[in-house]
Amino acid sequence: MPTMGALHQGHLDLVKKCVAQADCTVVSIFVNPTQFNNQEDFKKYPSSVKEDLDLLESAGVDYVFLPEVDTMYPSSPVLKLNFGHLETILEGAFRPGHFNGVGVIVSKLFHIIRPDFAFFGQKDLQQVAIIQTLVRDLSFPIEIIVVPTRREEDGLAMSSRNRRLSDLERKTALIIFNSLSVAAKELKEGKEWLVVQEQIIRQFQEQESVKLEYFELVEREAFEIKKQFDPHQKMAICAAAYVGEIRLIDNLIINS
Ligand code: PAF
């Protein structure tokens, strides 16, 4: 199970699934520099290795792989992975180079650990599409298991970056989950997506401390942006916004 540490209950849900399913559970903790398109975000990425190790031990993890940057990157990788249209939408568009970094590090980890299963969180829904592409196109003999997003009581999606929010920002951040919930409800009631989307974008514009990057309807199989809701397709609403200086992402699956 690849992680970047600063573990929370969402990670532990993945660990629990893995421990239940596999004979041996390996968790890696590595804050991968090559997937950060923003140096400030990398420098300030939360770290709590001691607490992480205690949590993983209590959760029944067999091995933790905690490599140094030089171990993972004895030299800078020259290889570039291009994930086609996934690079041009949502996270791909707003975080240039991010998915190349994810693809390379996850490939390295897969080669080193050689897992039968690998667990990823639904919160990073587009990352799941990236990993599925990677596994398919490079024939990794690995089954990818996606684990639902764990939320705080009020609905905020758990994320290591939540630790960086002030109390006020933490409250403000709820606009992301609330907007996703309202939009999902309205879609199910038959409202036009473009009308729903416009209304949500306007609400974000009224909040000074939040900057919405995207709020889009996505078809999950091909991972494509859609302008119309289709109840017969597997869809999700995906959002990304800055709350103060912290960039958060979340999504809701509409029909599974
Ligand atoms: O989702 C994450 O934490 C990271 O992108 C991952 C998969 C551990 C790769 O560094």
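Each residue, glycine too, has its Cβ placed from N, Cα and C.
Marked as ATP binding site by TrEMBL: 4-11, 121-124, 158-161. Residues or ranges marked as active site, proton donor in TrEMBL: His11. Per TrEMBL, the feature beta-alanine binding site maps to Gln35. Annotated (R)-pantoate binding site per TrEMBL: Gln35, Gln127, in sequence order.
Annotated features, which come from TrEMBL, shown on the structure.
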residue : record                    : DSSP class
Met4    : ATP binding site          : coil
Gly10   : ATP binding site          : helix
Gln35   : beta-alanine binding site : helix
Gly121  : ATP binding site          : strand
Met158  : ATP binding site          : coil
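The recorded positions near ligand 1, defined by a Cβ under 6 Å from one of its atoms, are Met4, chosen from Met4, Ala6, His11, Lys123.
When the Cα atoms are compared, Met4 (ATP binding site) and His11 (active site, proton donor) turn out to be 10 Å apart.
Nearest to Met158 (ATP binding site) in space, judged by Cα atoms and limited to the recorded positions His11, Gln35, Gln127, is His11.
Residue pair Ala6 (ATP binding site) / Gln127 ((R)-pantoate binding site) shows a Cα separation of 19 Å.
Cα spacing between His11 (active site, proton donor) and Ser160 (ATP binding site): 10 Å, rounded to the nearest whole number.
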